[in-house]
């Protein structure tokens, strides 16, 4: 079968290879991927900055964001059947009894990222217990489930932490960044009924700005405009230390700051003492979140369904670039205005 591969640690080793078709072991299923999403983690792996091949392999098959059809089931599988359309979660525990998305570094494997082959191939295998079934009406946008699940977990944590203290009812939100994660965060917050401001460095007539406005949100071009006021929930989705600093100054008293970016080493925060004093004196919370489990994948699918109905098929508009296995390189070539790129494994 054909698969999109890299040799982790070797920059620009991206290749389309012929590899052996996998077989499902006990408790596993064989998948026929339909679509695979491409994200910044793939870019880091291709550049040789991250990633690990499975034990005994030199190469790693990419693809951790996927929607797929079950085509074969292994012994002992009772939660999935042939023909089911599913989304597989990413992580698998490694000597860890915690929920897998809370396992510390070194105690998990990740499809298409760390120690497990991904789904950017004609076939893939995964453990059946980590599958989420996809309703027929959202199969076309289900490839967005994995990045959305990360958002769902972060916002869910914000709500749970906030409401554990008192009857906290957030009304306003600020989203820093309008990439896929920032836009999906805007979508969730608007579905929750929060007045939401989203900011990025694109002009007001850009597609990203239009997508924010279609959700009923307010867009601010941070290259020329200033954000004013404080917000009950602030979501940082840029991965920029400078933007973290800005967000700290916009958390309302009793508010929650959700960090979803992965940040480079180095950098400094201006007025850190003053900002942290404000966090303490105003009972603010800062929480980081990564990955997600079954629950948040299910929440993501429900919000995709609602967004399709309530916002005129809005999720589909995030997919701005499509490629297939014959021109796979295009999927892994990033341009300034791409939002979400999808690799179509099964051509319609």
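Note that the numbers count up from 1, one per residue, in the order the chain is shown.
Cβ coordinates are placed from backbone N, Cα and C, and glycine is handled just like the others.
The Zn(2+) site recorded in Swiss-Prot includes 39, 64, 65, and the single candidate from 122, 137, 146 that the record places there is 146. Summary of the site annotation: Swiss-Prot records substrate binding at 110, 146, 291. Screening the candidates 5, 41, 218 against this entry identifies 41 as the one listed for that site. Every protein chain considered, the tally of other Cβ atoms within 10 Å of the Cβ of residue 291 (substrate binding site) stands at 20.
If you take the Cα of residue 178 (NADP(+) binding site) and the Cα of residue 39 (Zn(2+) binding site), they are about 14 angstrom apart, rounded to a whole number. Using residue 41 (substrate binding site) as the reference Cα, a 10 A cut-off selects 64 from the binding-site residues 64, 146, 290.
Distance noted between the C-alpha atoms of residue 65 (Zn(2+) binding site) and residue 110 (substrate binding site) is 11 Å.
The Zn(2+) site is set by 39, 64, 65, 146; from the centre of their CB atoms, other residues of the chain with a CB within 8 Å are 36, 37, 38, 41, 42, 63, 66, 90, 112, 147. Residues 178, 179, 180, 181, 260, 261, 262, 289, 290, 291, recorded as contacting NADP(+), have a largest CA-CA distance of 19 Å. Checked against residue 180 (NADP(+) binding site), the binding-site residues 39, 64, 110, 146, 291 differ in C-alpha distance, with 39 being the nearest.
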